[in-house]
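According to TrEMBL, the features are:
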DOMAIN    22-92  domain 'NXPE C-terminal'
DOMAIN    253-734  domain 'Cas1p 10 TM acyl transferase'
TRANSMEM  269-291  transmembrane segment
TRANSMEM  355-375  transmembrane segment
TRANSMEM  395-416  transmembrane segment
TRANSMEM  446-466  transmembrane segment
TRANSMEM  473-495  transmembrane segment
TRANSMEM  507-526  transmembrane segment
TRANSMEM  561-579  transmembrane segment
TRANSMEM  599-617  transmembrane segment
TRANSMEM  629-647  transmembrane segment
TRANSMEM  659-680  transmembrane segment
TRANSMEM  692-711  transmembrane segment
TRANSMEM  731-750  transmembrane segment
Amino acid sequence: FKGDDTCEYLLSSGRFLGEKVWQPHSCMMHKYKNSEAKNCLIDKHIVFIGDSRIRQLFYSFIKLINPQVKEEGNKHGNIPFEDKSASIKVDFLWYPEVNGSMRQRIKSWTEGSVAKPHIIVAGAATWSIKIHNGSNEALTQYKINITSIAPLLEKLAKSSDVYWVLQDPVYEDLLSDSRKMITNEKIDAYNEAAVRILNSSSRNSKAKVKVFSVSKLIAQETIMKSADGLHLPESSRDTNAMILMNVYCNKIMKPIDGSCCQPQPPLTLIQKLAFCFFTLSIIGYLIINLIHRNNFRKNKSCTDLESGEEKKPAISTPNVSTLEMLLHSFCKLGLIMTYFYLCDRANLFMKENKFYTHSSFFIPIVYILVLGVFYTENTKETKVLNREQTDEWKGWMQLVILIYHISGASTFLPVYMHIRVLVAAYLFQTGYGHFSYFWIKGDFGVYRVCQVLFRLNFLVVVLCIVMDRPYQFYYFVPLVTVWFMIIYATLAVWPQIVQKKTNGNCLWHFGLLLKLICLLTCIYFLSYSQGAFEKIFSFWPLSKCFELNGNVYEWWFRWKLDRYVVFHGMLFAFIYLALQKRQMISEGKGDPLFSNRVSNVLLFISIVSFLTYSIWASSCKNKTECNELHPSVSVVQILAFILIRNIPGYVRSVYSSFFAWFGKISLELFICQYHIWLAADTKGILVLIPGYPMFNVLVSTFIFVCVAHEISQITNDLAQIVVPKDNSTLLKRLLCVAGFFSGLLLFSAMQDQSRH
């Protein structure tokens, strides 16, 4: 509401999420590591000047640079600190009162001969109240002294960052007898004087002393935990130090999850071109629409008075219809992408940090499960993993993943491990679905490949352009794209072994198994040879697709995390289709998959396996160790779920239409959440309606789901136009796509050069 100056919010307002997590109003605060703090403050001189409370803030600040620092030294004297590795100098200067001595020290920095500190943090008042026994004369003198200091601070603020820390409230019940005169009423009077006098003469907004008033709000919540009623507990002063670090460093380091004090990023050349393209599409669609409406009025159906028959208007030519459909799709997409940009790149809407509680994750899970069960219908077919069932599976998994992301449940290891299985299950379906298609249809044509690649990548490519993000940022789409190409290459390479060929000779089955063994060997080799993997994906232009922050390590980590599950999906499809061909399973409506005895045994084993995996995942103590085991064991729970879901005939014959609806747009939901449901590239939460968290989630979720559904329809419409069945036309389109990506690479190289 105060424009895009989120620094003002960071310094003045916020609330606690739980007991220790501070949430600034409207923006996100980054938690700085020691290395990040050093990189930000390299070659900087910071000065803290004031009383014992400022000394506390000084110690918390330097611990962000070096956590090993101990609070030693003369409490009523100056304390120096220096980090020689980064040439950082931080000094605490003991000036407990706002008086002539403090004025003289500040004045020395305004004179040309003395080097000015880059950051000055000042504040004092409680000593004046204590020494003068809370007299009104002391308050009058404080006003006079701060009036004489204010112009000097404002002069320093032209070249340095100057912060005046307001006095925190005290917990009067805990104050010692010598401090009983320090009351919250007196502190408020001193704070009012400081706020009124500071910046009163400054008209230049850039030359302002920044009033650090947020410390008061933090203290109001935590001062009762103070040891002496005067000094803040350690967690509170650490929060103040982190706020100070965010105010200064966010504009320098530009952390993704630190939206406070970050300016809006400038539009890149590619973003400007995209904006022009979408604008022209909207104008073009409006012009064609107006022409069509005008023609419709002219050719309006009218009754022939002689024959009594209705004359129908002339049917539009297919070319005009295709052009209109193309422009209509890009028109809608342009409006949607504008919303994406406003949500997550412009400083228009608020963003907040996530905060995990068990209730914020598990209550929505129970709610959607009840809804899913309520919308139960009969399936059109009763085969294992039929279309309705796979859509249902994708749907409930996607909803659980969305709740996982918005609740910040990744901090809770048992939930994280179960979500990893859901991601693996998506990839399992990739292996199962594509293998089944190629095996049954034997269709290795270019049309099929282009259709799949377009549907998978269209939205991500558009977002890379509009949101200025690398392709690898949307890691799941590169993952399923590469695995699709691996499945295609494995089955398409000579000899092409499909179901039709194996009908005549069973030996072909062994040939296919040999191919799968070769694939498994390659996967195993690449997973334990990071160097070989990185060499493959470091070649230009592949490197442009798979690099993140200048290297392909993130891509290797993501690929390695679920490296075997696609192979497991292919192997399961092969075994299932072989059993189905030999009629060794019963897929009739209401029939168990196997004989009653075998079905009961397999069902028991599946339930035990499912629960055993959950117990193991819930008992995980170390994320790294569990991630090492995950690729090999995740298939246990996936197969157990498939058997539990499909062995009983009555369970296989029904599905949840609620989950299946979401399953049809699961890819769009997964990608769209990055920018229009979550915020700051999934690190935070988008706030459209501040002050009403539940209402905000309802509104943002409704828009998010509608947008995902609309994008799914746009993708399907454009796929029919961009990827035609005619091979000669398709070849021309592929040449156009190659030219488009060549231009994109050229503009990207120009952007990188201009940034450097």
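Glycine residues also receive a Cβ, built from the backbone N, Cα and C atoms like all the rest.
With a threshold of 8 Å between CB atoms, the same-chain residues lying at least 6 positions outside the transmembrane segment (269-291) that come near it are 320, 323-324, 327-328, 330-331, 333-335, 337-338, 465-466, 468, 744, 747-748, 750-751, 754. By the Cβ criterion (distance under 8 Å, sequence gap of 6 or more), the transmembrane segment (446-466) is counted as touching the transmembrane segment (659-680), at least 3 such pairs being found. With a threshold of 8 Å between CB atoms, the same-chain residues lying at least 6 positions outside the transmembrane segment (692-711) that come near it are 332-333, 336, 339, 406, 459, 665, 668-669, 672-673, 676-677, 686. Across all of the domain 'Cas1p 10 TM acyl transferase' (253-734), the predicted model scores a mean pLDDT of 91.
Sequence-remote contacts of a segment are chain residues at least 6 beyond its ends whose Cβ falls under 8 Å from one of its Cβ atoms, and for the transmembrane segment (561-579) they are 384-385, 420, 423-425, 427-433, 435-436, 439-440, 479, 483, 486-487, 490, 499, 509, 512-513, 516, 519-520, 523, 526-527, 585, 627, 630-632, 634-635, 638-639, 642. Sequence-distant contacts of the transmembrane segment (355-375) (same chain, at least 6 residues past either end, Cβ-Cβ under 8 Å): 17-18, 21, 23, 395-396, 399-400, 403-404, 407-409, 411-412, 415, 656-659. Using a cut-off of 8 Å between Cβ atoms, the transmembrane segment (473-495) and the transmembrane segment (629-647) share fewer than three residue pairs, counting only pairs 6 or more apart in sequence. Within its own chain, the transmembrane segment (395-416) has Cβ neighbours under 8 Å at 354-358, 360-361, 364-365, 368-369, 372, 422-423, 425-426, 617-621, 623, 626, 656, 658-664, 666, 669-670, 673, 677-678, 682, 685, 697, counting only residues six or more beyond its boundaries. Within the same chain, residues 414, 417-418, 421, 592-593, 626, 633, 636-637, 639-641, 643-644, 647-648 sit at least 6 positions outside the transmembrane segment (599-617) and bring their C-beta atoms closer than 8 Å to a C-beta of that stretch.
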